[in-house]
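What Swiss-Prot says about this protein:
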- ARG159: active site (ACT_SITE)
- LYS182: active site (ACT_SITE)
- HIS250: active site (ACT_SITE)
- ARG253: active site (ACT_SITE)
- HIS276: active site (ACT_SITE)
- TYR285: active site, O-(3'-phospho-DNA)-tyrosine intermediate (ACT_SITE)
- 4-95: domain 'Core-binding (CB)' (DOMAIN)
- 116-298: domain 'Tyr recombinase' (DOMAIN)
Amino acid sequence: MLDTSIQALINKWQKYLALQRNYSNHTVISYNNDLKHFLEFMNYYNSELVTINHIKTADIRLIRSWLAKRNCDNFTASSISRGLSAVKNFYRFLEKTTQLNSHIIFSIKSPKKTKLLPKALSEDDVVISLEHIEEYGNVKWVELRNKALLVLIYASGLRISEALSITKLHLQNLEFIRIIGKGSKERIIPWLPIAKNLITQYLEILPYKLGDNEPIFRGKQGKKLQPPVFNRELIKLKHFYGLPQHLTAHSFRHSFASHLLEHGADLRSLQELLGHKSLSTTQNYTKTSIKHLEAVYTTAYPIKK
């Protein structure tokens, strides 16, 4: 249970994240869920209605108990780390907007996350996917939407959230797409004709009228297409054609990066295309490419021990 004044603060915090920090809707929802989990634990821990004073005076024992509870509930290290980041973010917001001074929560370090290498698809699996994605949709414009979106992600390396934010304004430039990605970082990506042509064909038969600033990829009811809806289309494709279990919309972004590396792209250029803040993040793709080369060597090299 929360004091009504706290809910008002949470609402202001969410607006701050979305409008001033330019966080994606997905991140705002995730952060809100993490904060809700923390405050519910605080309510249980104190056995009384949570007030702003409870939040300000939360000690290190309470915070560590909450993190331990998440660990016992089988949250991954990544989820625990994100949850702590969300709560810290809320406390920073309180520092800006209330009389809260530096809080003990900022002394707590996030658990180390296990680094998972990005999983790419083989070029053959990508070709199969692009050739057959149109079979799932039941309506012509939906079928064309699915193909246009999948080709766009693989041809440009966009995150699914970025691809679903493309508007008609993005189509006005014939040579490149200007994308605002994570952390409001801007990057420029060349248009591939096949992607732009498919999008143009899709828009010609889309049964909904859109303004220039509205996202072009729509669901069957005319609302903005959401990532889980598109991934459900990919699940059908994956099951029918026996494609890898890790096939998702995001795996086509990984495939874009890995295949470019395998064909000679340099890391700095790839970093710019992917919108990575750190080169070390991009370097993870070299590890997957090396694994690919090792597999090719093992199966195809004529001289074996």
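Just so you know, glycine gets a Cβ as well, placed from its N, Cα and C.
Annotated features, which come from Swiss-Prot, shown on the structure.
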residue	record	DSSP (3 states)
ARG159	active site	coil
LYS182	active site	helix
HIS250	active site	helix
Cα-to-Cα gap, ARG253 (active site) vs LYS182 (active site), nearest whole Å: 15
The domain 'Core-binding (CB)' (4-95) - residue tally per DSSP class, helix then strand then coil: 76 helix, 1 strand, 15 coil
Among ARG159, LYS182, HIS250, ARG253, which are active-site residues, the residue with the most C-beta atoms within 10 angstroms of its C-beta: ARG253
Nearest-integer angstrom distance between the alpha carbons (Cα) of ARG159 (active site) and HIS250 (active site): 6
Distance [Cα-Cα, Å, rounded] between HIS250 (active site) and LYS182 (active site): 15
